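First comes the structure, then the notes that go with it.
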Protein chains: 2
Amino acid sequence: MYKLLSLKFGVCNKIIVSKAYPLLYTHTRKMSSFDKLFSKIDELKPTFINRLAKAVEIPAVSSDESLRPMVVKKAEFLLEQLEANGFTDIQRKELGTQPPPVNDENLQLPPVILSRYGNDPAKKTVLVYGHYDVQPASIEDGWESEPFKLVINEEKQLLRARGATDDTGPLTGWINVIQAHREAGIELPVNLITCFEGMEESGSLGLDALIAREATQYFKDVDAVCISDNYWLGAKKPCLTYGLRGCNYYQITINGPAADLHSGIFGGVIAEPMIDLVQVMGTLADSKGNILIKGIEEMVAPITDKESKSYDNIDFSLEDIEAASGSKTSLYQKKEDILMHRWRYPSLSIHGVEGAFSGQGAKTVIPAKVSGKFSIRTVPDIDSDKLTNLVVEHCNKAFKNLGSPNTCVAELIHDGNYWLSDPYNSSFSAAAKATKAVYGVEPDLTREGGSIPITLTFQDELKTSVMLLPMGRGDDGAHSINEKLDISNFMKGMKLMAAYLHYYAESPEK
Amino acid sequence: MYKLLSLKFGVCNKIIVSKAYPLLYTHTRKMSSFDKLFSKIDELKPTFINRLAKAVEIPAVSSDESLRPMVVKKAEFLLEQLEANGFTDIQRKELGTQPPPVNDENLQLPPVILSRYGNDPAKKTVLVYGHYDVQPASIEDGWESEPFKLVINEEKQLLRARGATDDTGPLTGWINVIQAHREAGIELPVNLITCFEGMEESGSLGLDALIAREATQYFKDVDAVCISDNYWLGAKKPCLTYGLRGCNYYQITINGPAADLHSGIFGGVIAEPMIDLVQVMGTLADSKGNILIKGIEEMVAPITDKESKSYDNIDFSLEDIEAASGSKTSLYQKKEDILMHRWRYPSLSIHGVEGAFSGQGAKTVIPAKVSGKFSIRTVPDIDSDKLTNLVVEHCNKAFKNLGSPNTCVAELIHDGNYWLSDPYNSSFSAAAKATKAVYGVEPDLTREGGSIPITLTFQDELKTSVMLLPMGRGDDGAHSINEKLDISNFMKGMKLMAAYLHYYAESPEK
C-alpha cells in the first residue's frame, strides 16, 4: 500500500496534496456499535427499494429537451423525500436558461437541490453529491424490460432500471442512511449537506457557477466531499477512487444540400455530407486504440517506475473486462495495460451520427446535414483548450483535404477536466475503515476511466478533499442497456456510507 | 429527336426493341374533343384534392413494422375508392408473411390491389401501376408541417405531405381520371387494369412473384404498362422516361461487446465497432463522387459518340440541380456530366448507421453493434450478383486489414436491376402527343437516376412495353422533408393520363 502513497501526484497541478496517514485498520469502533444501525438498514430494505422504484419511474433524461419536465418532476420527488426525512434548510436552486446549442431558447435548467441534516459547529461537515438525471434509454435499444420501471429480480438479487446504479440508487442511499439513523435513534456524528443536480449526464451545466457562489455560503463549513457516482473496478472487490479521466465531447457537422435528398435522383451528382463525414471521422482513431490526432500523445504524463509497479496489487484481470463487456474484444491482454489504458491514457470513442438514417431497414436518403459525435477521455497533463485546438485543426485539415463543396464545423460540445487526489487523507482513511467493517476487506485504491468533472470543481472551489465512494459494480451497465444494481451492493453500500460518516467523524484531522 | 432514336439500346440485354415511329405530332384528335373531359377534371379539383388528403393522412410507411396496420388501412381506403368509382373484379391479393430480416416473424405483407375498368376485347388494355406505401417521415426531421396531413398552399399553389408526389398523388390520379370520364359521360377508350402495391419503398417484396403468377391470368391481355412514379428532370418541362438505374442496398454490421458500454470505463480498452465501421465505410467512396470498390467501373457500358451528343437537346442546367438540392454542392458543372452521372453511371451513397447514438446532444456510449447502410445505383452492364460479390469481398478485406477482434458481416439487403426501353414505341408516342396536347410542348426523353425495379419485372413477365409517365417535378422532395406536388402538376398530370389513354387507344399498333 505504501507504494501507492509515493506515487508522484504532481502530474496534476491542481490537486491538494494532504498529509498521508498510515491506514489504521485496527477498528477503533467496536463492530457491535454498528449492529443497531445496520439492522435498521436491513429492516428498511422494502422502504428503500420502494423509494428507488418511485424515483427511477420518472424518465429524467437531461439530454432530451422534451423530457425536461420529467427531470424537474424527479427533483420535486426528491424534495419531498428530503422533507419527509427531517432534512432542513432545503433549497431548490434554479440555474436559469440552458445555454446554446439548444432547440428551445427558453429551456430552463433543472434545479440543484441543497439541504442539510444537522448543523452542529462541533461536528465535521460532509457534503454528499449525487445526480438525479439519467442517460437516455428505450426498450428498443434492447432492454429486457421497460427501462423506466424498476425490476426487482429476486433470483439474481438485482435491481434493474435506468438510473439504478447511475446515480439514483446511490443518491437515494444518502437519504436512506439518514432515515435509518432517525428510526434507529442514533445521532448522526457529522453535519450532512446534500448537493443533488439534474444535468450531470449533460455536462453539469450551471453547477460550476453554483458551487462557486455557494463556496462561502451554503458550503462554507464543508470539510469533505463524498461522491458516490462510480463503480467498482470489477464485480468482486470494493474500491475507493482517487482519480478520474476528463472528457471532451466534440461534434463534426457537415452541411450540404438544403434538405435530405433522394439517392436515386441525386446520387453521384451531389457531394454527400455523410461520405465526407465518414472520411473525416476515419482520420480520428484506428482500430488498435490509437488516437491519430497529432500532438495529444505528447501531452500525456510519462509513467514512472513506481506507478508502473503500483498496478501489481490491484485485483483485476482480463477476465473481468471480458465479463463486463460480455465479449473477447479487449485491445490488451495484460492487466497493467488494460488498467493504464482505462485510467491514465487518453482514449477516443465515436458515439454516433445525428441527422443520418438510423432506423431499421433500408432508406435511400442522402442526409443533408450530419453531425458525427465523438469524445476524448483526458488524463494528466492534457490541457483541455489545447486539445480542442488540436482536434478542431485536425478535423478542418482532414475536411479540406477532401476538396468537398460542403461545409464543415468541428466544435467542442462540453469538456470536463481530469482529477487526481491523495488516497491516504482522512476522508479516504475513514472510507477504508468503513469498507473493512462492511465488506471485511481492504479496498483497492483505484482510478477511473470515466469522468465526473464536478469532482474537480468541488476540490478547487471548496478547497477541500473529495473522495469517490462507489456503490455499484463494474458490470452494472451504466449508460448501457439493462442497467442494474445488485441488491447486496445497494444494502451494503448504504452501510458503507453510514460507517464512513462515523469513522470520518472520529478521525483526528479534518 | 432522331438522334436519340439511333442510340445504341443494346447496352441493356433485356430490353424489348420495338419498331420506332416517327413522332406524329400532328394532332389526329381535335383538341376540342378533350375540352369536355378536361373541364370535368377541373370541376372535380376539390374532390380530387380531398381524396388525396384522406389518403396521405394514413401513415403507410412500409419500412416501419409497427406501422404495417396503417399500410393495410391505406389499401382498404383505396379499395373503397375503386369500388365507389365503378371499377370491377376488384381483388385484394395477399402476399403472405414478410421474409427475414424482420422483427415479427408473422408480419404480413400489405396487399396488392388489382382492379379493372372495362373489359372490351375490341379495346387495348393498359395496366397502370402505382404504390400506396411511403417513405418514413417525422416532423422532427425538419418538416414545415405534419408530414401526414395534407397542406394545401394556395399561395404557392402546391400540395405538401409525405406521399403527395411519391406516389399517392399519381396513384389516386388514375382513379380520378376514371371518375372524370364517368361524370363527363365519356367512354374510356381502353380497358384499364390497376396494380397498386404497398411495399415499393421497401423493395416491392412479393410483387415479382405476383406479376409472374398473374402474367397469364389477371394481366393476360395487357398491351402496355404505364407507371407514374417518377419526376420531371427539372421544374419546368415535362418528360417521358425510358431508363432507370437499379439499386443494390447493402449493410455492413460490426459486432463487438455484448451490450452498449460506457466510454469512460471502456474507452481505450475495448475495440469499438463504430471506429471499425467508420474505417470500413471510408474505403467505399471518396468525396469526389468516385466509388473506390475495384471492378465496378469496368462493368459500366462505354459511352458512344451518339449517346454523348444526345444530351445536347435536354432541357436541363446546373441551375436546375442547384435549385432542386437548394445548394451549390454539385460535383459537376456541365449539364452533360450531371445527367450522365445521374442516369448512366453508378453512384454510391452512405445513408446512415443503425445502432449508434443518433439523437441530439451528447451521449457517451460505445455502441455494441452498428450497421452502416449504403447503396449503389446500378447501370448497364453491371451484373447485380457480381456487384454484390465485389462489395462483400471489398468490405471483408477492408475489415480484415483493421486487425480488429470484432466481427464484420457485409450483406445485400435488396437489389433491383436497371431498366432501359425504346422511347419511340406506340405507348411513348401516345404519351408524347398527350404531353403536347396538355402542356403545349414536346416532352424531353429522359432516363432517371432512381430505381423502380418492378419496371423490369413488368417488361419481362408481361412481354410488353413499359413507360414512365411522371406527374411531379424534380424539386418535389420525394424521400425528403416537405415533399410536395404542385397543384398544376396534379391537375395537368391527370389530363395527361387521360389524353395518353385516348391517343394510345387509336395508335395503329399495340
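One-based numbering along the chain as shown.
Using the three backbone atoms N, Cα and C, a Cβ is placed for every residue, glycine included.
The feature active site is assigned by TrEMBL to B:Asp133. Taking the Cβ of B:Asp133 (active site) as reference, residues of its chain lying under 8 Å away and at least six apart in sequence are, in sequence order, B:Ala60, B:Val61, B:Ser62, B:Val71, B:Lys74, B:Pro110, B:Glu197, B:Gly198, B:Met199, B:Glu200, B:Glu201, B:Ser202. Secondary structure at B:Asp133 (active site), as computed by DSSP, is coil.
Counting Cβ atoms from all protein chains shown, B:Glu200 (active site, proton acceptor) has 24 others lying within 10 Å of its own Cβ. TrEMBL lists B:Glu200 with the feature active site, proton acceptor.
Marked as Mn(2+) 2 binding site by TrEMBL: B:His131, B:Asp166, B:Asp229. Around the Cβ of B:His131 (Mn(2+) 2 binding site), the same chain contributes B:Asp167, B:Leu171, B:Phe196, B:Glu197, B:Gly198, B:Met199, B:Glu200, B:Glu201, B:Ser204, B:Asp229, each under 8 angstroms and 6 or more positions distant in sequence.
Around B:Asp166 (Mn(2+) 2 binding site), taking its Cβ as the centre, 29 other Cβ atoms fall within 10 Å, counting all chains. The Mn(2+) 1 binding site annotation in TrEMBL covers B:Asp166, B:Glu201, B:His479.
The substrate binding site annotation in TrEMBL covers B:Asp229, B:His262, B:Thr364, B:Arg377, B:Ser451, B:His479. DSSP assigns B:His479 (Mn(2+) 1 binding site) to coil in the three-state reduction, placing it in neither a helix nor a strand.
Positions annotated as domain 'Peptidase M20 dimerisation' by TrEMBL: B:242-400.
Feature annotation from TrEMBL assigns site 'Important for catalytic activity' to B:His262. A strand conformation is recorded for B:His262 (substrate binding site) in the three-state DSSP classification. Counting only same-chain residues at least 6 apart in sequence, those with a Cβ under 8 Å from the Cβ of B:His262 (substrate binding site) are B:Thr364, B:Val365, B:Ile366.
In sequence order, B:Asp166 are the binding-site residues from B:Asp166, B:Arg377, B:Ser451 with a C-alpha within 10 Å of the C-alpha of B:His479 (Mn(2+) 1 binding site). Listed in sequence order, the residues of the same chain lying 6 or more apart from B:Arg377 (substrate binding site) and placing their CB within less than 8 Å of its CB are B:Arg245, B:Gly246, B:Cys247, B:Pro346, B:Ser347, B:Leu348, B:Ser349, B:Gly449, B:Ser451.
Following the DSSP three-state reduction, the secondary structure of B:Glu201 (Mn(2+) 1 binding site) is helix. Taking 8 Å as the upper bound (exclusive) on CB-CB distance to chain A, the recorded positions B:Glu200, B:Arg377, B:Ser451, B:His479 give B:Arg377, B:Ser451, B:His479 in sequence order. Over all protein chains present, the Cβ of B:Asp229 (Mn(2+) 2 binding site) has 25 other Cβ atoms lying within 10 Å. Maximum C-alpha to C-alpha distance over the listed substrate-binding residues B:Asp229, B:His262, B:Thr364, B:Arg377, B:Ser451, B:His479 is 46 Å.
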